[in-house]
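Undergrad: Take a look at this one; I'll ask things after.
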Amino acid sequence: MTVTVHPAAALAGTPALPADKSVSHRAALFAALADGESEIVGFSDAADPHSTLACLRGLGVEIEEREDVLGPDGVPSLFVQGRGLDGLRAPASALDCGNSGTTMRLLAGLLAGRPFESTLVGDASLTPRPMGRIARPLGQMGARIDMTDGHAPLVVRGGSLSGITYRLPVASAQVKSAVLLAGLSASGTTTVVEPVATRDHTERMLELDVMEVGGERHVSVPGGHAVRARQWVVPRDVSAAAFFLVAGSIAEMATIQLNGVGLNPTRSGVLDVLRAMGADIRISNERDRGGEPLGDLRVEAPGGLVGVEIGGAIVPNLIDEIPVLAVAAACAEGRTVIRDAEELRVKETDRIEATADVLRAMGADVEERPDGLVIEGGRPLKGAEVDARHDHRIAMAAAVAALVADGPTTIHGAEAAAISFPAFWDALGSVAAGSVEEPA
Ligand code: S3P
């Protein structure tokens, strides 16, 4: 799908945001492992969490969307009949994880301790992504995972596992979560040591023990740890909100309201960076839902941003937001340096290269580094023709940049937005009237 985005001087409105993708995946997986029925309020309608549901159904888990039970956002609740760890059954065919790295990595952890063989496959973007990072620790625990050159398809031959202590060599919440999920069926205790903190939804949602030892986080799960059947409430996705936070911060005039946004500190680095750049973002109505903090955000046009340095421990807290933060940087006065973000090279596409390509096509001054980008901000952006490379966040970041370009921008592969934000083009059109031209 090709979408054309026209520039818009004034943005206003309250766009509907999708449910948090990371929390949706986990709520579905944990509900499947619980004994009994769980309700998930506000589950994501995006493609990736639905890949997780399809895989769970392939493992014999019954999941029903109830149109008659609506959450506060009007989203039907999902009811999951948990079978307990021992109730999962061998899949009759390969489990298709689609585009979703979270599905593949967390599921591999969960299946590592099951007494059957499963094959996990993915699409053309997921297949080349690195899976050795989960196969190594799961192998140390006693599972056998066969890969093709370190990639999917994965054949997981589950077995009896022993708890390990594993220090994460890459800052990855997916690797952490895979090891912890395997730890549920291991003998003894499994501990993941994080030199740099990553998103902590798994430990919050499973109520695991977390200790700080010498500046590192130790997250532990005892084998046999019971997962409770319960109600989960999914916040709106801060990673989706980020597109509107940047759009409002680079526009000439803007007032955008974003309600019910997850504000977990391990995810909200984008707020800190945008504020350091001079953005005008206010948070109100802060509350807690099922262990996850959330709040309502209001962004107004600040009348100019300044460049910043982004690196170190904050990077995992905003890793998915870097493409759109790069758009903010291109519109800011002065230089922005993004470093320590080499993980972006192994996302849905190489996001360092893809972001640089889009911004350069639009006239920005961008230098690619192995672990990030250097952006000399302030050059006016021009309308261009760009390719989203089948990557949802590249498609949406390009659309945000297009709002401040001097003419229309054509975005090829715009359908990728549905991976995390199916209603993105409508939501963008709702704050920038007449700007979004979708195919009839
Ligand atoms: C995620 C973790 C991050 C993030 C991804 C979702 C998760 O990936 O980029 O979008 O839900 O655990 P890594 O674990 O590869 O850093």
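Just so it is clear, glycine is given a Cβ too, placed from its N, Cα and C backbone atoms.
Caution: TrEMBL annotation is automatic and unverified by curators.
Heads up, here are the entries from TrEMBL:
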ACT_SITE  Asp320  active site, proton acceptor
BINDING   Lys21, Ser22, Arg26, Ser172, Gln174, Asp320, Lys347  3-phosphoshikimate binding site
BINDING   Lys21, Gly101, Arg129, Gln174, Arg351, Arg393  phosphoenolpyruvate binding site
DOMAIN    7-428  domain 'Enolpyruvate transferase'
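I'd like these features described in context: how deep, what's nearby, how far apart.
TA: Asp320 (active site, proton acceptor) counts 25 other C-beta atoms within 10 Å of its own C-beta, drawing on all protein chains shown. Under the DSSP three-state reduction, Asp320 (active site, proton acceptor) is assigned to helix.
Secondary structure from DSSP puts Ser22 (3-phosphoshikimate binding site) in a helix.
Counting every protein chain shown, 23 other Cβ atoms lie within 10 Å of the Cβ of Gln174 (3-phosphoshikimate binding site).
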Undergrad: Would you kindly give the Cα-Cα distance separating Ser172 (3-phosphoshikimate binding site) and Arg351 (phosphoenolpyruvate binding site), rounded to the nearest Å?
TA: 16
Undergrad: What subset of the recorded positions Gly101, Arg129, Asp320, Arg393 lies within 10 angstroms of Gln174 (3-phosphoshikimate binding site), using C-alpha positions?
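TA: Near Gln174 (3-phosphoshikimate binding site), where near means Cα within 10 Å, the recorded positions are Gly101.
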Undergrad: With respect to ligand 1, which members of the binding-site residues Ser22, Gln174, Arg351, Arg393 satisfy a Cβ distance under 6 angstroms to one of its atoms?
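TA: Checking each Cβ against ligand 1, the ones under 6 Å are Ser22, Gln174.
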Undergrad: Taking DSSP three-state, what's Arg351 (phosphoenolpyruvate binding site) in: helix, strand or coil?
TA: helix
Undergrad: Measuring CA to CA, name the entry from the recorded positions Gly101, Arg129, Asp320, Arg393 that ends up nearest Arg26 (3-phosphoshikimate binding site).
TA: Gly101
Undergrad: Give me the CA-CA distance between Lys21 (3-phosphoshikimate binding site) and Gly101 (phosphoenolpyruvate binding site), in Å, as a whole number.
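TA: The separation of the Cα atoms works out to 12 Å.
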